[in-house]
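Listed in Swiss-Prot for this protein:
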TOPO_DOM  1-43  topological domain 'Cytoplasmic'
TOPO_DOM  64-82  topological domain 'Extracellular'
TOPO_DOM  135-184  topological domain 'Extracellular'
CARBOHYD  Asn146  N-linked glycosylation site
TOPO_DOM  214-232  topological domain 'Cytoplasmic'
TOPO_DOM  254-271  topological domain 'Extracellular'
TOPO_DOM  297-348  topological domain 'Cytoplasmic'
TOPO_DOM  371-390  topological domain 'Extracellular'
TOPO_DOM  415-418  topological domain 'Cytoplasmic'
TOPO_DOM  443-554  topological domain 'Extracellular'
DOMAIN    470-525  domain 'Kazal-like'
DISULFID  Cys476-Cys506  disulfide bond
DISULFID  Cys482-Cys502  disulfide bond
DISULFID  Cys491-Cys523  disulfide bond
CARBOHYD  Asn510  N-linked glycosylation site
CARBOHYD  Asn520  N-linked glycosylation site
CARBOHYD  Asn533  N-linked glycosylation site
TOPO_DOM  578-586  topological domain 'Cytoplasmic'
TOPO_DOM  613-646  topological domain 'Extracellular'
TOPO_DOM  665-712  topological domain 'Cytoplasmic'
Amino acid sequence: MDTSSKENIQLFCKTSVQPVGRPSFKTEYPSSEEKQPCCGELKVFLCALSFVYFAKALAEGYLKSTITQIERRFDIPSSLVGVIDGSFEIGNLLVITFVSYFGAKLHRPKIIGAGCVIMGVGTLLIAMPQFFMEQYKYERYSPSSNSTLSISPCLLESSSQLPVSVMEKSKSKISNECEVDTSSSMWIYVFLGNLLRGIGETPIQPLGIAYLDDFASEDNAAFYIGCVQTVAIIGPIFGFLLGSLCAKLYVDIGFVNLDHITITPKDPQWVGAWWLGYLIAGIISLLAAVPFWYLPKSLPRSQSREDSNSSSEKSKFIIDDHTDYQTPQGENAKIMEMARDFLPSLKNLFGNPVYFLYLCTSTVQFNSLFGMVTYKPKYIEQQYGQSSSRANFVIGLINIPAVALGIFSGGIVMKKFRISVCGAAKLYLGSSVFGYLLFLSLFALGCENSDVAGLTVSYQGTKPVSYHERALFSDCNSRCKCSETKWEPMCGENGITYVSACLAGCQTSNRSGKNIIFYNCTCVGIAASKSGNSSGIVGRCQKDNGCPQMFLYFLVISVITSYTLSLGGIPGYILLLRCIKPQLKSFALGIYTLAIRVLAGIPAPVYFGVLIDTSCLKWGFKRCGSRGSCRLYDSNVFRHIYLGLTVILGTVSILLSIAVLFILKKNYVSKHRSFITKRERTMVSTRFQKENYTTSDHLLQPNYWPGKETQL
């Protein structure tokens, strides 16, 4: 064979043979120089997004840790605190639909950066009331600045040195104090600041997660999302720890002489420096915005995601309505042109049964989550007699790390075992069921009510009493002119707490430094006392001896439950991402976030708070006579309301999760069979084509070149 023929053969062999009308599957891989910027920028975005998640989670965790502090500082009920907490979701609701839909078609990193700035400003606004309100005034018994002087608490109204109840004040004095008390409405700034936080946080999840999922490889997407979600859990750890630290500092630190403060962090009237953490969180949020202004609008897609639209597994669950969802290109894209596909996109999402059912499941589950997390510090304080600082410390250092570990473990499991969509749904359901069963055991790990004379036990300390305001008075204090609206708890030698030293019938008192001791208390004397004394000290008595052990058991079960439930977080999120069209991903995440905010984030803290308020035994009163925050809860009723609501919502969530798995299996089996049939036909066709290609290659070999066989 001549040289020209050999060159033609070599050239032909180097060229892939393609059938007529079939596109080439040859892909030109970018060089290492081309790959590096893409991977580098994606990792920069991953780090920036993780830091933003940390910042927003820090502020959110800190807000949860200051719920009790805000309630006491502004003297408002739990239901109103729930409204303040829900204002974050209201802010999300205002813009989530537009941000998730239009933001996906614009410069996503810059939109996230702008959101961080708004979020930081809102966080700083929350702290502003501290600098405009008058100093915090708590109800206190002040015998005298002279430590050697003894005054009878029983003759409270006759002493000009002591504060009296608003019920005994003259109308003119009440009117004057009401004018000063207008600062209590400053909680509206906390509401507005949290509202701004919600608006600023809106683009972070739908645009950030979709950006990662778009440009990361399919194998790494779950791992990257798991990393982001894990960092997001680390944020609340620092948030609750910061809350624990600030709760130990007096609210007006730097503004008053702390030597004059007679209460301690264990006192139910104590308010910590709740505002300090918001200043720190606000600055961190502003710093988190910086990297996003320098990131590109888009990145080169990963090689494994080039054909993601035709993924065989994903196609089993996505309903194709043959609508062409085109994204306008260029900076001059018109708003009306982008809005044209809004309703068809929305119809496509809600027409997807897997997406719709999972949306319902998550909404119910997040109702229980939002309500439980919002009032968990209060539950620990009231149920186990712990201080606010200790409750926040325990949640931040023990409970939340278990959640972070569970989320990270879920991402690792998804990556390592390459779990399918059905497998992800099973893992999600399994973790929910197991966590639900563990949670049921918390009903048995409660503490009994503290013995409070006239509220939970009689003045003789022998039998429980039903709550009635007049039950605070008894024969032992009938000659004392006491206020029934005050809350100045005194712990008697008999282990019973009295609403005030006056209601305990105490005749004399002594003050030594910050300690106040009451003597000759007639009501203490009629109840059994271990020492036989009829004295008492300022503050509530500790819970019974078995309560610390119950608290330890509660922590252990709570940690295991948190880990188990969070293990299904990433599988559930991957299920959400894989059951929708790629071009609708940001929009679907936005609608998902919208539903969670509207149907869970806003109402859950409110109705949890309203129902928790029904367990209040002793309300505080403001200077104008209106009802303030709750001073004492019925521990048993509180426990059954708090845990019962969570269990009811968890039951509904599990039933919906079973429905999701049923739909997935039904679609998987039917479409998988159809896919196999098509695959068999394709394999037969491919085998025939390969035989022809092999014959063609054989005919082109130098040792076989018969001139008469011209057909290929």
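Heads up, the Cβ atoms here are built off N, Cα and C, so glycines get one too.
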- [ ] Determine the mean pLDDT over the topological domain 'Extracellular' (254-271), rounding to the nearest whole number.
- [x] 81
Task: Between Cys502 (disulfide bond) and Cys523 (disulfide bond), the C-alpha gap once rounded to whole angstrom - done: 10
Open item on the list: At a 10 Å cut-off from the C-beta of Cys476 (disulfide bond), count the other C-beta atoms across all protein chains.
Closed with: 20
TODO: Work out, from DSSP, the number of helix, strand and coil residues along the topological domain 'Extracellular' (254-271).
DONE: 3 helix, 1 strand, 14 coil
TODO: Work through the recorded positions one by one (Cys476, Cys482, Cys506, Asn510) and name whichever has its CA nearest to the CA of Cys523 (disulfide bond).
DONE: Cys476
- [ ] Measure from the Cα of Asn510 (N-linked glycosylation site) to the Cα of every one of the recorded positions Cys476, Cys482, Cys491, Asn520, then give the nearest.
- [x] Asn520
Task: Same-chain residues at least 6 apart in sequence whose Cβ lies under 8 Å from Cys491 (disulfide bond) - done: Thr497, Tyr498, Gly536, Ile537, Val538, Gly539, Arg540, Cys541
Open item on the list: Helix, strand or coil for Cys482 (disulfide bond)? Use DSSP.
Closed with: coil
- [ ] Fill in the CA-CA distance, Cys482 (disulfide bond) to Asn520 (N-linked glycosylation site), as an integer in Å.
- [x] 16
Task: Under 8 Å by Cβ from Asn520 (N-linked glycosylation site), counting only residues of that chain that are 6 or more apart - done: Cys506, Gln507, Thr508, Ser534, Ser535
Open item on the list: As a quick check of your reading of DSSP, tell me how many residues in the topological domain 'Extracellular' (371-390) are helical, how many are strand and how many are coil.
Closed with: 16 helix, 0 strand, 4 coil
Task: Sparsest-packed among the disulfide-bonded residues, when each Cβ's other Cβ atoms within 10 Å are tallied, from Cys482, Cys502, Cys506, Cys523 - done: Cys482
Task: Long-range neighbours of the topological domain 'Extracellular' (371-390), counting only residues six or more past its ends (CB under 8 A) - done: 64-65, 67-69, 78, 82, 85, 244-245, 247-248, 265-266, 270, 272, 446-447, 450, 542-543, 547-548, 550-551, 554, 604-605, 607-609, 612, 633, 635, 638-639, 642, 645-646, 649
- [ ] Across all the protein chains here, work out how many other Cβ atoms are within 10 Å of the Cβ of Asn510 (N-linked glycosylation site).
- [x] 17
Open item on the list: When secondary structure is assigned with DSSP, how many helix, strand and coil residues does the topological domain 'Extracellular' (443-554) contain?
Closed with: 22 helix, 25 strand, 65 coil
